[in-house]
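Novice: Have a look at this one before I ask anything.
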Amino acid sequence: MKIAVPKEIKNHEYRVALTPSGARELVGRGHDVIVQAAAGEGAGFSDADFEAAGARLEADVAKLWDDAELILKVKEPQAEEVARLSAGQTLFTYLHLAAEESLTKGLLDSGATCIAYETITAPEGGLPLLAPMSTVAGRMAVQAGAHSLEKAQGGAGILLPGVPGVAPARVTVIGGGVVGENAARMALGLGAEVTVLDKSIPRLETLDDRYQGRMKTVFSTADALEEAVRESDLIIGAVLVPGAAAPKLITRDMLSDMKPGSVLVDVAIDQGGCFETSKPTTHAEPTYVVDGVVHYCVANMPGAVARTSTQALTNATLPFVVALADKGWQKALADDDHFAAGLNVHDGKLTYRAVAEAFGLEYVEAASLIG
């Protein structure tokens, strides 16, 4: 199979969808891996690295896309990339369609088969292709929040761990999943006072046991959120409704209760954000201020640590890429119900219910198309 790996074009996105090691595995199975020239440079992988792995380089972007049967990406396709897709091609990447109606309609119009990393499930539960980037994003959220608390960044001028005689920052993490746990773990390690809010008592029990009571665990209610808003120096939104838009948990009105110079980091921005005042930002201009509260809403946080992220992503995606390349999308998904959960769009049909409901579009059962 002809497998194309384009260079990511989203603002400050330095990751690449495949490492040279991953390319070598695919080439060894008889597949033709075509990598856009310079695609891996941002992640520290040279063209020579890919050539040594047996991949071919292609400088002509149009030819790369036109010749491809399977296209591997990291971020959702940008407008010019959607225009390059055609019927018969398979796109495998993060899509996050519930936050992007125009992208959803563009992919439907393309006629391509689009499989989303983030909606693939695992037999033991969880989202195996979202987890590695969620781990990175959770840890980065604390770094970003700590930096945003600095006075020069518009923050209150608070050092996250404090110093002897001065209290540490109060950090609240909304959501105790992969992102939330990694954010809480990072903040705890830096010496902050950490509280995690979640709707799942079993999850809170797990966190309490795992971290031996060193972080507060609180059942998430309206009262708990209001208290967090009043007391926290840094709030990290780590809420996930798989494949659907994130709920707005902190409203514009609630900002008036926050401390001046406090910080909101919205890791859920890929799914529309979990704060009413959130809007996507970039690594070039990561923050803005609303009512005295600093907002950090970068939609591709792991892109800033591209080498780590690319390696972690390829480790997770490669078995699925191998299945697609060896079997074709239809048999690969027919053989694995958990993989089939990743199908979002096929031949002009929308096959992910939460996205269809978000935009009032017709929904078609994926199973009816997989066979």
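Keep in mind that glycine also has a Cβ here, set from the backbone N, Cα and C atoms.
From Swiss-Prot, for reference:
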- His96: active site, proton donor/acceptor (ACT_SITE)
- Asp270: active site, proton donor/acceptor (ACT_SITE)
- Arg15, Lys75: substrate binding site (BINDING)
- Ser134, Asp198, Arg203, Ser220, 239-240, 267-270, Lys279, 298-301: NAD(+) binding site (BINDING)
Novice: Under a three-state reading of DSSP, tell me whether Val267 (NAD(+) binding site) is helix, strand or coil.
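Specialist: DSSP assigns Val267 (NAD(+) binding site) to helix.
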Novice: Round to a whole number and give the Cα-to-Cα distance in Å for the pair Arg15 (substrate binding site) and Met301 (NAD(+) binding site).
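Specialist: One finds 11 Å between the Cα atoms of these residues.
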Novice: Same-chain residues six or more away whose CB lies under 8 A from the CB of Met301 (NAD(+) binding site)?
Specialist: Val136, Ala137, Met140, Ala141, Ala144, Val267
Novice: So for Arg15 (substrate binding site), how many other CB atoms are inside 10 Å of its CB?
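Specialist: Taking all protein chains shown, Arg15 (substrate binding site) has 28 Cβ neighbours within 10 Å.
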Novice: Find, among the binding-site residues listed as Val239, Val267, Ala299, the one whose Cβ has the highest number of other Cβ atoms within 10 Å in the structure shown.
Specialist: Val267
Novice: According to DSSP, does Arg203 (NAD(+) binding site) sit in a helix, a strand, or coil?
Specialist: helix
Novice: Would you mind reading off the Cα separation of Arg203 (NAD(+) binding site) from Asp270 (active site, proton donor/acceptor), to the nearest angstrom?
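Specialist: Taking the Cα atoms only, Arg203 (NAD(+) binding site) lies 23 Å from Asp270 (active site, proton donor/acceptor).
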Novice: If we check Cα distances from Lys279 (NAD(+) binding site), which of the recorded positions Lys75, His96, Asp270 wins as closest?
Specialist: Asp270
Novice: Report the nearest neighbour of Ser134 (NAD(+) binding site) in space among the recorded positions Lys75, His96, Asp270, comparing Cα positions.
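Specialist: The smallest Cα gap between Ser134 (NAD(+) binding site) and any of the recorded positions is with Asp270.
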Novice: Can you give me the Cα-Cα distance between Ile269 (NAD(+) binding site) and His96 (active site, proton donor/acceptor) in Å, rounded to a whole number?
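Specialist: Here the two Cα atoms lie 10 Å apart.
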